[in-house]
Amino acid sequence: MVDAVKADPFGKVNAIDVLDLASLEARAEKVLGRGEFGYISEGSDDGYTMHRNTTAFQDVHMLPRVLQGVENPDQSTTFMGAKLASPLLTAPIASNTLAHPSGELGLAKGAKEAGIMMSQSTFASKTIAETAAVSDGAPYMFQLYMPKDWEYCQYLLDEAKQAGALAIILTADSTLGGYREKDVMNHYHLKGRLANLEGYNTGQSGVGAGGLFKESMQKLDLGLISKLASYSGLPIIIKGIQHPADAVAAITAGAAGIYVSNHGGRQLDGAPGAIEQLPAIAAAVDHRVPIIFDGGVQRGTHVLKALALGADLVGIGRPFSYGLALGGWQGVKDVADHLKMEINIAMQLTGCQTMADVKQMKVKTTFA
């Protein structure tokens, strides 16, 4: 006899009409709690860097080619051996159940259905194993906030490796949280599970997620790269690189990838837009390791600009959270599909048949 029907782990799912990624924020605000929306949407301090992430794309101009014989552009690519339908990544975000009950499960399924890369935060609301079961072999990376407790770190690395993670993304720019005024005004404390921490401590649910960075090490150094690589046997990608010298130092210390990011403008306010730093960092990397980029991406043209300036994979954060809030995993897929549609149009109109063509596309900027 079949057991009683179990609760659907993906919760309520529905298709969403995506006009553009920017308009998703106002729609998501209507379905999210005030505190949850504030936590997801805000940047640190005055929000300059968060907004500059997007506006800086206006200072990058693509130089289209015509009569190139382009038809039905192919945006598929590979990253660290993983085949992807598009060079997109769900950037690591903490506690996705703030947006939707399915949390990382919905994010993973949406990414899998869209054929893009998924990454999971240390501070996820679902365990690595739970998320991996949904990913079911789809490309996946694990983002690590370096714990103070080395045994806990080993536990996370073991879980990630068993789950089939392609790489470990070590976040280096968030040894503590930026000052976020909406959280203060809303008296907001992050709700829900820190599933990976509870899995290590008790294996049970119910551990609150207050004091998000309490378990994280503040004094990070380059020696961690070889330590993590040696223990895990996985490639280590350093996230939060904003200076060319840091990229060079990380590669020299054994980093297998560089992740250009300012944490969505949620950490140090007053830093440049992430895209402004990408050309110099890409020049310093000089094709030695792959580059991931995130920061303010809201258009398919933004993706092409980042790729042309040196990125190999482009991360999207808040828009996927909003898609998840509005439609569960289907909303995540719909956001990805809309972005892929915009990428396809931009490739056709710039004369790019493949991602290799995009990488060779000429662009003009005011900062490179």
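Any Cβ shown, glycine's included, is placed from N, Cα and C.
Long-range C-beta contacts of His263 (active site, proton acceptor), restricted to its own chain and to partners at least six residues apart, with a cutoff below 8 Å, comprise Thr171, Asp173, Ser174, Gly178, Gly240. DSSP assigns His263 (active site, proton acceptor) to a helical segment in the three-state reduction. The active site, proton acceptor annotation in Swiss-Prot covers His263.
Per Swiss-Prot, pyruvate binding site is recorded for Tyr39, Tyr145, Arg180, His263, Arg266, and the stated evidence type is similarity to another entry. The 10 Å shell around the Cβ of Tyr39 (pyruvate binding site) contains 24 further Cβ atoms across the protein chains shown.
Secondary structure at Lys239 (FMN binding site), as computed by DSSP, is strand. Taking Cβ-Cβ distances under 8 Å and a sequence separation of 6 or more, the neighbours of Lys239 (FMN binding site) in its chain are Pro92, Gln143, Ile169, Leu170, Thr171, Ala172, Asp173, Tyr259, Ser261, Ile292. Taken from Swiss-Prot, the feature FMN binding site covers Pro92, Ile93, Ala94, Ser121, Gln143, Thr171, Lys239, Ser261, Asp294, Gly295, Gly296, Val297, Gln298, Arg318, and the record attributes it to similarity to another entry.
Annotated domain 'FMN hydroxy acid dehydrogenase' per Swiss-Prot: 13-368, in sequence order, evidence recorded as sequence analysis.
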List the Cα distance (Å, whole number) between Gln298 (FMN binding site) and Tyr39 (pyruvate binding site).
-> 19
Looking only at Cβ atoms, how many others are within 10 Å of the one on Pro92 (FMN binding site)?
-> 29
Which of the binding-site residues Ala94, Asp294, Gly296 has its Cα closest in space to the Cα of Arg180 (pyruvate binding site)?
-> Ala94
When you look at Tyr39, Tyr145, Arg180, His263, Arg266, which the record names as binding pyruvate, what is the longest CA to CA distance in angstrom?
-> 19
